[in-house]
Amino acid sequence: MGFYGTLKMIFYKMKRKLDHGPEVRSFPSGKKPCPSPTGLLFPATPTTFRDIRAVNGQGQQRRRITSIQPPTGLQEWLRTFQSWSGPEKLLALDELIDSCEPTQVKHMMQVIEPQFQRDFISLLPRELALHVLSFLEPKDLLQAAQTCRYWRILAEDNLLWREKCKEEGIDEPLHIKRRKVIKPGFTHSPWKSAYIRQHRIDTNWRRGDLKSPKVLKGHDDHVITCLQFCGNCIVSGSDDNTLKVWSAVTGKCLRTLVGHTGGVWSSQMRDNIIISGSTDRTLKVWNAETGECIHTLYGHTSTVRCMHLHEKRVVSGSRDATLRVWDIETGQCLHVLMGHVAAVRCVQYDGRRVVSGAYDFMVKVWDPETETCLHTLQGHTNRVYSLQVNRDIHVRPPDTHALKVLLSFLFIHFMSSVSQSLTICLISGSFLHLLSGPHKHQSAVTCLQFNKNFVITSSDDGTVKLWDLRTGEFIRNLVTLESGGSGGVVWRIRASNTKLVCAVGSRNGTEETKLLVLDFDVDMK
């Protein structure tokens, strides 16, 4: 229920009490109602409009008409009115209002309306007032803060906004130096600032002006095969045998990692550690700050095509049909997982389970400690090219050209004939959303990213599209290459809360190989 809906409900209840008369409170034998300071007994609820004005402290504030004498018979008329029942009084008032001129009705409204415009929040103890406000949505809290100064102070409560931020998945407060002070001792809520910032960032993604992206060039005309984005650091791998480390802030290439003797086809990154896999059948562990190769991991007998890093362990998948679990601190191979009968193309690891997809059309779930396959997911009639696992969402592709997003264990598979549309459905398989329609991709989907609000997709058609995760609606194109449709391709995308990195190029020379960095952050100074 919104802010004004809450107010309407409260006023409605007040009106019902007046419509149906006072509540009669019975007292046990031997007990009496507490007397007022004046010694008079007041009922539990007001019985007349005069009582309401008295409770509001306005008993003597209404301006009375003193220019004329009371008409003859007024008191008798009032006594007659008081003798009628509630329904009879309502009928009489209806007839009286119908008989009044507009100026007389306006006079009644001026007398009556202020008595129902009570600031009930200000009358409550602070703790109760904050409890009432806690039921409001964040947007309604922002609106309530504009009511008056006291409501503004209440609506700035830091603990109140901390809970609202937790509900929205915001983990850190935002401290901003402000000059304007509402009253001595007043402090702006860092959690409220964090919520406002996130709301503005989401708005920028949806409809903010698309500024010219930063362009990062460095791999000449080679294909960018893998892309990582962590903090303000971007790492791109290429079939030119190198990886490049870039600053997402300045767009400068910080260093080039040289050491592989074959194309780099997979990579992972955490903090200042980079792991890469190559057609030279090795993995390398790098220091991103110095460019030093810390370890070279030997064991695979073919191209290292995929990998996934969790804490100090990385799981690699190879065209030799095996997966290997490595300790990146020691460089030791801890476990070998065998069971696929064709190249392993994709892998995910959460520290407890390994999930892999391969060219044998299978998806397997492994216990790496015992090196056993717990589940084999069969049914696909084509190669499994990609998957993604999340605690809350599983995405799995069907055998058609559609790509399905399943809520609970997120598997995303891109087949050789990758879909031009995306389908979101429940884990049970029931259909939710089809990310398609007139705005669907015109060629194969190459990559996908998502967060709690959006799905971001890239394609061989040279576009990056933004979709609403909850409704499945197309929002807008974030990137549209001029060479799209004639060879321009978006190979890879990576997104953070505020930035989108796209690896673009072409297979026929129509689009230069480069990285595009789009920024959706806001300045909260």
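Backbone N, Cα and C define each Cβ position, glycine as well.
Here's what TrEMBL has on this protein:
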DOMAIN    118-164  domain 'F-box'
REPEAT    234-256  repeat 'WD'
REPEAT    257-296  repeat 'WD'
REPEAT    297-336  repeat 'WD'
REPEAT    337-376  repeat 'WD'
REPEAT    438-477  repeat 'WD'
Close approaches to the repeat 'WD' (337-376) from elsewhere in its chain (Cβ under 8 angstroms; 6 or more beyond its ends): 302, 305-311, 313-325, 382-389, 391, 396, 411, 413
DSSP helix/strand/coil residue counts for the repeat 'WD' (297-336): 0 helix, 25 strand, 15 coil
The repeat 'WD' (297-336) [mean pLDDT, rounded to integer]: 96
